[in-house]
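Participant: I'd like to ask some things about the structure below.
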Amino acid sequence: AFAGILADADITAALAACKAEGSFKHGEFFTKIGLKGKSAADIKKVFGIIDQDKSDFVEEDELKLFLQNFSAGARALTDAETATFLKAGDSDGDGKIGVEEFAAMVKG
């Protein structure tokens, strides 16, 4: 799904780094997968993949399963990790993350 945007080796390394429950840190993950240095267009493409229901927002249930977008066998985020991730990205307080909020969080 991320071919041409992200390198498989970077994704594998990023997933390995947050295998343990409670170890997911979105900023570190975005850096490790190589997303931080990507263009706005590439970040928007990644957002489109993560936005499973195509609502133009990433909601809490989609964040919980965030890692599984990168590998089907990846773990779900814990409730605490999901809440922290949502709070970090939801700058307008509407309970979901839009594409601009996502881009700002990635560039963080």
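The backbone N, Cα and C atoms fix where each Cβ goes, glycine too.
For Ala1, the entry in Swiss-Prot reads N-acetylalanine. The domain 'EF-hand 1' annotation in Swiss-Prot covers 38-73, and the record cites sequence analysis as its basis. Per Swiss-Prot, the feature Ca(2+) 1 binding site maps to Asp51, Asp53, Ser55, Phe57, Glu59, Glu62. The domain 'EF-hand 2' annotation in Swiss-Prot covers 77-108. Feature annotation from Swiss-Prot assigns Ca(2+) 2 binding site to Asp90, Asp92, Asp94, Lys96, Glu101; the stated evidence is sequence analysis.
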Participant: List, in sequence order, those recorded positions among Ala1, Asp92, Lys96 whose Cα sits within 10 Å of the Cα of Phe57 (Ca(2+) 1 binding site).
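Facilitator: Within 10 Å of Phe57 (Ca(2+) 1 binding site): Lys96.
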Participant: Starting from the Cβ of Asp92 (Ca(2+) 2 binding site), draw a 10 Å sphere and report how many other Cβ atoms land inside it.
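Facilitator: The answer is 10.
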Participant: Can you name every residue in this chain, apart from Asp51, Asp53, Ser55, Phe57, Glu59, Glu62, with its Cβ inside 8 Å of the center of the Cβ atoms of the recorded Ca(2+) 1 site?
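Facilitator: Here the non-site neighbours turn out to be Gln52, Lys54, Asp56, Val58, Lys96.
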Participant: Taking the centroid of the Cβ atoms of Asp90, Asp92, Asp94, Lys96, Glu101 (Ca(2+) 2 site), which other same-chain residues have Cβ within 8 Å of it?
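Facilitator: Here the non-site neighbours turn out to be Phe57, Gly89, Ser91, Gly93, Gly95, Ile97, Gly98.
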Participant: Would you say which of the binding-site residues Glu59, Glu62 has the most Cβ atoms within 10 Å of its own Cβ?
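Facilitator: Per the Cβ count within 10 Å, the most buried is Glu62.
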Participant: Taking Cα atoms as reference points, which of the binding-site residues Asp90, Asp92, Asp94, Lys96, Glu101 is nearest to Ser55 (Ca(2+) 1 binding site)?
Facilitator: Lys96
Participant: Give me the non-local Cβ neighbours of Asp90 (Ca(2+) 2 binding site): same chain, 6+ apart in sequence, Cβ-Cβ under 8 Å, ordered along the sequence.
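Facilitator: Same-chain residues close to Asp90 (Ca(2+) 2 binding site) (Cβ under 8 Å, separated by 6 or more) are Lys96, Ile97, Glu101.
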Participant: Return the member of Ala1, Asp92, Asp94 nearest to Glu59 (Ca(2+) 1 binding site) in space, with distance defined Cα to Cα and candidates limited to these recorded positions.
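Facilitator: So, spelling it out, the nearest of the recorded positions is Asp94.
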Participant: Rank the binding-site residues Asp51, Asp53, Lys96 by the number of other Cβ atoms within 10 Å of each Cβ, and give the residue at the low end.
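Facilitator: Among the binding-site residues Asp51, Asp53, Lys96, the lowest count of other Cβ atoms within 10 Å belongs to Asp53.
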Participant: In whole Å, how far is Ala1 (N-acetylalanine) from Asp53 (Ca(2+) 1 binding site) when you measure between their Cα atoms?
Facilitator: 16
Participant: Count the other Cβ atoms sitting within 10 Å of the Cβ of Glu101 (Ca(2+) 2 binding site), across every protein chain shown.
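Facilitator: Looking across every protein chain shown, the total is 19.
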Participant: Between the recorded positions Ala1, Ser55, Phe57, Asp94, whose Cβ has more other Cβ atoms within 10 Å than any of the rest?
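Facilitator: Of the recorded positions Ala1, Ser55, Phe57, Asp94, the most buried by Cβ count within 10 Å is Phe57.
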